[in-house]
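Quick notes on the structure that follows.
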Amino acid sequence: MEVKQEILTPMKVEKTNGNVPTPPPTTTTTTVMDDDLFDDEASPPQPNKKLKAENGSIKKLTPTPKPAPVTPKPTAAVNGKKPIPKKKPVDSSSDSDSSDSSSDSDSDSSDSDSDSSSSDSSSSDSDVPKKKPISKIPNKPSGTVSKTSKNSPKTTTTTTTTTTTVKSKPAPKVKPEQSSSDDSSSDSSDDSSDDSSSDSSSEEEKPKKKPSKKPAAVKKEITVKKETTTTTKKTPVKKEVEVKKETKTTTTKKVKKEESDDDGEDEKTTTKKKTTTRKRKLKEEEEGEEEEEEGVNKWWDKEDDEDDGTKWTTLIHNGPVFPPAYVPHGIKFMYDGKVVKLTPKQEEVATFYANYLETDHVKKQAFKDNFFKEFKGLLTSEQKEIVKKMDKCDFSHIHTHLKTKKEQRKARSKEEKDAETAEKKKIQEKHGFATIDGFKEKVGNYMIEPPGLFLGRGQHPKTGMLKQRIMPSDVTLNIGEGEVIPPSPIPGEKWKEIVHNNTVTWLAFWRESVNGGFKYVWLAPSSKIKGQADRKKFEVARGLKNCIGDIRKGYQKSFNDESTEKRQLAVALYLIDFLALRVGNEKGEDQADTVGCCSLRVEHIKLESNNTITLDFLGKDSMRYLNTVQIREDAYKVLKTFVKGKKPTDLLFDSLTVTQLNNHLKKQMTGLSAKVFRTYNASITLQKELDKMDTKEFQSIDEKILFYNRCNREVAILCNHQKAPPKNLAETMSKIDEKIQELRDLQDLCRIKIGKTPKSQQEDIESREAERLPKLIQLAITNKKDKDKEKTDKEISFDVKAAFEKSRTLPDAKGKIKEKIAKYEEQIKKQEILKTGKDELKTVALGTSKINYLDPRITVAWCKKNKVPVDKIFTKSLRDKFPWSDVGTDYIF
C-alpha cells in the first residue's frame, strides 16, 4: 500500500512515554496551527505566538482516493539511512555522569515519571528548543510509517479510510534508543520508539526526516484501523497513535488510531494517563522498597564479635517530641454543690482525675488519697479553706465533657483522620529516626510521656500521684560530636545538657517526678544496637548448655556445706534454675512489695509433705506467683533448716545478697546471670516441647499453630507470665459458638438438598436463619464503616440482605454441593481450634516470653520445617526485632 503524506514538523516534540511508531491513515494532510489548538496537557514552548503554514496561507483539506490494499515490504531504515540517535536533553535532576544518551529513561526515570504524572512535559523552559520555521518533509517511500508526537498540535483530517490486516515478514531488530516508562515497554524492541524526537535537540538545527522502524523480528498481525473524521472548526493535529501491547507471549499487536476531535477523547486520554501514573507510582514504590532493602544494615552477616565499649561512631537525631501545651476548657468543678473556680494548672490536674471516674482506679483508697494530696498542694490558701475533703469533690461535669470530646473524636470525617495521620507521619519522619554510623535507624519511644496521674502496677503505694510535665530543661541529649544540635521545641526553654557519649545507646534521658527514676529515649528494637544485644544474650544462654551440668553438680554438692552462706547460695541457685525465678531485689517502703528468689520471706513458702513446697508471693508487676511443686529431697531438707526458728516476715535467705549471687554466677561462666538462666530454661523448654509434635496428629496450619501456642504456654507458665482473663471472654466464646452453629446449619441445608438429612430439621434451621439476618443488619448499621457513612439505614439493610441471600444460594450440581459441605467442615474445625486456643490461653501471656526469653531461631527453624508461615507466629514488630534469626531447619538451641 503506497502512502503519500505531507507532514508539518511541529516546533517542539514532547516525550510520548515510549509509544512505538504505527501506520497512520492514508491521507494527504495540510495543517493550520494556532495557539488555541494545543492540548492543555501538552503546552508548546511559546503558547502566545501563532504558528502559520510555511507559505503563510491556509490550505484546504483534500481527501485522497481510497487505495487498494497492498502488502508493504518491511524496511529497517528510510532511504538507506539509519535512525538518528537521540540526544539527551539537559536535565538538572538527572545523573550528571551519565554519558549514554540512550539511557535517560533508566537513569532519570524517577524524575521524568514524577513530572509526567501531572503533565506530559518533563522539560524546563531552558530545555525547550527555539521555534523554527516549519518546513515540509518529503513524502516517505512506500511501506514506511510516519509518527506524530502526542504533544504535537492537533490536526483534523477528512479521511477516506480502509482497514487492512497484513502479516509482515521478520525484520532485523532495532536496538531501542529509550525504554518506555510504561509497564509494557520493557521487554520488546518494538517499544524502542521514535521518541528520540521528543528529546532531541536537533530541532535547533535543520528539521530532519524521521526514520521509520518496523516491529521486531517476530511474526506479527498488525490491524490498522483508519477512521474518517470531519470538522468545520479549527483543525488540530491528529493525536498520538496508541499502541496496546499484549503482555502475553503471543505476537499479536493491535494498533489503534485515536479520533482527533471526539468529545470523549480528552476523558479517555486523562483516564489513560491516570492509569499510567498509577503504574508508575507502583513501580516507583517497588523500586523504593528495593532501594530500602538494599540500604538495610545487615550487620548479622558481618563477623564482628569484638566489643571495645564503643557503641557508635556518628549519631544524628532531632530530639524527642514534647506533648502539646494544655488548653483550658473552662468546665466547672464543684465542691459540696458549689462552683470552685480553678486556674489552668489546677483544672488540668482535676481533668486528669476526671478521666478515671469510670475505672477501677478510683476504687482504690490509695489512689484517691494520693491524688487529693497532690491536688490540695496546687490550691491557694483561700481555696484550701473551701476544699477540705475528697468525698465532696465533684468532677462529673469535667468527666461528661471528656466523654463528649471522645465521641466527637470517634465521629471525625475521613478527611480529618487522614490529615491527622499525615501530620503524625510528618512528625515521625523527623523525630522517629536517627542516623547511626551512616544508617537510618528507627527510634523507639521518641514521644516524651505527657503529664498525668501515676497508676503503678498492682498495689503500688504511690498510685494516684502527679506526674509532672517534662520540659526541655529537664532533658539531656546524647548526640554525635560536631553534629547539629536540635533546637528546643518550646520557646524560652533550653536543653538541660548536651553530651557526646558513644559508650551508651540512649539518645535522651530525664528524671521522672514520682519515683525519681530515669526515663530514656532508646532506639527501636529493630535497630542494629538492640539486635546485637539480643543476639548476644541468646548466644550466651545457648552457651550455658555446655556448662550447665557442671554448674548443677556444683550447687548440688553445696547443699550439705558447713557454711550457711554457701548452702543458701546453692538452694537459691537451684530454685532459679529449676523454677526460672527472678533473682529479686530489696525494695523500699515506697515501692510495691514484689519479691524474687533472694528477697523471699518465710511467709512466702509453705513446706508440704513428700518433698513438696508451695510458693505464694507477688512477682514482677505485682503478678501473683502460686506454684506447688515437688523438689529434690536434699534441697527440701535444707529449706526446712532455713525456715526453722524464723518469723513469717524474716528473709528466707538471710545470709545471701543479690550481689553475692551474681558474682558467683560470673565465676561459673562469662556473662552468666539469673536472667540468662531464665532465658536458657525458657528456650530449652520450647525446643523440647516443639520436638514432641506428632505430624500425623497436627496436619493443618491452624492445628500446628495451636500446638505451637501450647508449647509457648508451657514456657509462660514456667516464667509466671500471667494475665487477667479478658473481660469480654464470655461474649467472645459465645460468638464463636454461634458461628459454629451457623456453619452446621449451612451444612445441613446442603445435605437436605441432596437428601442426606431429613427435612424435618429444616424448620429449626430456618427459624435460626430468620434470627440471624436482623442481627446482621443491626450490627452493620451500628458499626458503619467509613465507606458506608453516606448510606442510609435502608440502603445498608438492603446490601446486607442481598449478601446474606447470596451466601445461602446453593448450586444445582450434587458435586458442587458436596464441595460446599466439605468447605463448611473445614471452617467449623477452624472455629473449634480458635475456641480451644482462647480457652487455654485466657490467663497466660505468650508475648512476654517471645519478646524476652525465647531464642527466635527456634521458632523460625520449626516454622520452616513444618511449613508454617513465620508471620502466623511472629507479629511484624517481632519480625523486625529479630531480622538476624533467619536460620535453616536444622537449627537447635
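Glycine is no exception: its Cβ is also placed from the backbone N, Cα and C atoms.
Note that the coordinates shown come from a computational prediction; the quantities given were computed from them, not determined experimentally.
Lifted from Swiss-Prot, the feature list:
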- TYR853: active site, O-(3'-phospho-DNA)-tyrosine intermediate (ACT_SITE)
- 33-42: compositional bias 'Acidic residues' (COMPBIAS)
- 91-102: compositional bias 'Low complexity' (COMPBIAS)
- 103-114: compositional bias 'Acidic residues' (COMPBIAS)
- 115-126: compositional bias 'Low complexity' (COMPBIAS)
- 135-171: compositional bias 'Low complexity' (COMPBIAS)
- 184-197: compositional bias 'Acidic residues' (COMPBIAS)
- 208-217: compositional bias 'Basic residues' (COMPBIAS)
- 218-228: compositional bias 'Basic and acidic residues' (COMPBIAS)
- 237-248: compositional bias 'Basic and acidic residues' (COMPBIAS)
- 271-281: compositional bias 'Basic residues' (COMPBIAS)
- 285-294: compositional bias 'Acidic residues' (COMPBIAS)
- 413-427: compositional bias 'Basic and acidic residues' (COMPBIAS)
- 526-893: domain 'Topo IB-type catalytic' (DOMAIN)
- 1-305: region 'Disordered' (REGION)
- 404-427: region 'Disordered' (REGION)
- 582-587: region 'Interaction with DNA' (REGION)
- ARG409: site 'Interaction with DNA' (SITE)
- ARG457: site 'Interaction with DNA' (SITE)
- TRP506: site 'Interaction with DNA' (SITE)
- LYS537: site 'Interaction with DNA' (SITE)
- THR594: site 'Interaction with DNA' (SITE)
- LYS620: site 'Interaction with DNA' (SITE)
- ASN662: site 'Interaction with DNA' (SITE)
- HIS721: site 'Interaction with DNA' (SITE)
- LYS739: site 'Interaction with DNA' (SITE)
With a 10 Å radius around each C-beta, find which of these recorded sites (ARG457, LYS537, LYS620, HIS721, LYS739) has the fewest other C-beta atoms nearby. ARG457
How long is the line from the C-alpha of THR594 (site 'Interaction with DNA') to the C-alpha of TYR853 (active site, O-(3'-phospho-DNA)-tyrosine intermediate), rounded to the nearest angstrom? 21
Using DSSP, break the region 'Disordered' (404-427) down into helix, strand and coil residues and give each count. 21 helix, 0 strand, 3 coil
Counting other CB atoms within 10 Å of each candidate's CB, the least crowded of the recorded positions ARG409, TRP506, THR594, TYR853 is ARG409
Taking the Cβ of ASN662 (site 'Interaction with DNA') as the centre, count every other Cβ atom within 10 Å, in any protein chain shown. 14
Spatial neighbour of HIS721 (site 'Interaction with DNA') that is closest, considering only the recorded positions ARG409, ARG457, LYS537, ASN662, TYR853 and their CA atoms: TYR853
Nearest to LYS537 (site 'Interaction with DNA') in three-dimensional space, by Cα, is which of the recorded positions TRP506, LYS620, ASN662, LYS739, TYR853? TYR853
ASN662 (site 'Interaction with DNA') sits from ARG409 (site 'Interaction with DNA') (Cα to Cα, rounded, in Å) at a distance of 51
Give the distance between the Cα atoms of LYS739 (site 'Interaction with DNA') and TYR853 (active site, O-(3'-phospho-DNA)-tyrosine intermediate), rounded to the nearest whole Å. 36
Looking only at C-alpha atoms, tell me how far LYS620 (site 'Interaction with DNA') is from TYR853 (active site, O-(3'-phospho-DNA)-tyrosine intermediate), rounded to the nearest Å. 15
DSSP three-state call for LYS537 (site 'Interaction with DNA'): helix, strand or coil? helix
Nearest of the recorded positions (TRP506, ASN662, TYR853) to ARG457 (site 'Interaction with DNA'), judged by Cα-Cα distance: TYR853
